[in-house]
Amino acid sequence: MALQTPSFLLPAAVVVLMVLSSPGTEGRDSPRDFVYQFKGLCYYTNGTQRIRDVIRYIYNQEEYLRYDSDVGEYRALTELGRPSAEYFNKQYLEQTRAELDTVCRHNYEGSEVRTSLRRLEQPNVAISLSRTEALNHHNLLVCSVTDFYPAQIKVRWFRNGQEETAGVVSTQLIRNGDWTFQILVMLEMTPQRGEVYICHVDHPSLESPVTVEWRAQSESAQSKMLSGIGGFVLGVIFLGLGLFIRHKRQKGPRGPPPAGLLQ
């Protein structure tokens with residue numbers, strides 16, 4: 001499947017040359033070199049769920065004409081672009097609108113498109129508390145969302161099942177060296193005993209949203225929990241050591257020693 005390009009580049013160049021060679025332009029000062037540029041841009045959101053086609057025409061570093069599929073027609077940006085806009089809207093508008101599928105969608109789904117366009121990396125999500133203080137003190141919960149691709153992502157905070165919008169602060173998207181992204185979304189809060197906070201993440205790579213939970217509890221409760229975990233770990237270690245010693249003893253010699261050793 002070959003990559004497709006817009007089929008009216010030559011007519012566009014002809015229109016520009018006709019305008020530049022018209023009698024009204026002969027007496028004007030003009031540069032010796034003429035640079036004509038065409039840029040066809042396809043923007044994709046969630047794969048091909050939403051596609052936007054933008055076509056830009058540039059003469060000597062000044063954009064004079066643009067087609068945007070969200071607008072649906074050619075628009076002149078300078079006087080130079082007016083004849084082209086009128087001509088293209090009469091002669092090529094339906095063809096241009098169709099190229100949203102025949103060019104943009106076709107090229108996305110074609111075998112030559114690099115896998116980076118379809119790359120999906122699931123985000124890693126973690127919650128941390130900025131300051132380890134007791135309950136009923138102002139604090140900041142930080143939801144770290146890392147290593148995801150593409151860039152489109154939605155991160156929300158919930159407290160006891162209700163979405164929190166006040167006190168939510170987010171960083172800009174941070175680019176990693178491997179083309180993935182990360183972002184920090186913080187929630188200003190004053191934790192009360194028993195409250196449950198959830199960081200809720202939506203991303204194109206996920207079949208369902210990722211949620212990470214943080215529970216507000218007192219320092220004594222945290223200490224008891226850590227003590228319980230520590231006691232459990234020590235118990236497992238001592239149990240394993242006891243079983244190991246017993247196993248070694250069971251493998252030892254059984255019955256009386258050889259007669260020669262008793263003399």
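Here the Cβ of each residue, glycine as well, is placed from N, Cα and C on the backbone.
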Original post:
The disulfide recorded in Swiss-Prot for Cys143 goes to which of Cys42, Cys199?
Top reply: Cys199
Subject >> Given ranges 215-224, 245-254, the stretch to which Swiss-Prot attaches the annotation region 'Connecting peptide' >> reply: 215-224
Subject >> Residues near Asn46 (N-linked glycosylation site) in space but at least six apart in sequence (CB under 8 A) >> reply: Gln152, Pro204
Original post:
Where's the emptiest Cβ shell within 10 Å among the disulfide-bonded residues Cys42, Cys104, Cys143?
Top reply: Cys42
Original post:
Any idea what DSSP makes of Cys199 (disulfide bond), helix, strand or coil?
Top reply: strand
Subject >> Summary of DSSP states over the region 'Beta-1' (28-120), given as helix, strand and coil counts >> reply: 31 helix, 31 strand, 31 coil
Original post:
Per DSSP, what is the residue count of the region 'Beta-2' (121-214) in each of helix, strand and coil?
Top reply: 0 helix, 53 strand, 41 coil
Original post:
What is the total of other Cβ atoms whose distance to the Cβ of Cys199 (disulfide bond) is within 10 Å?
Top reply: 23
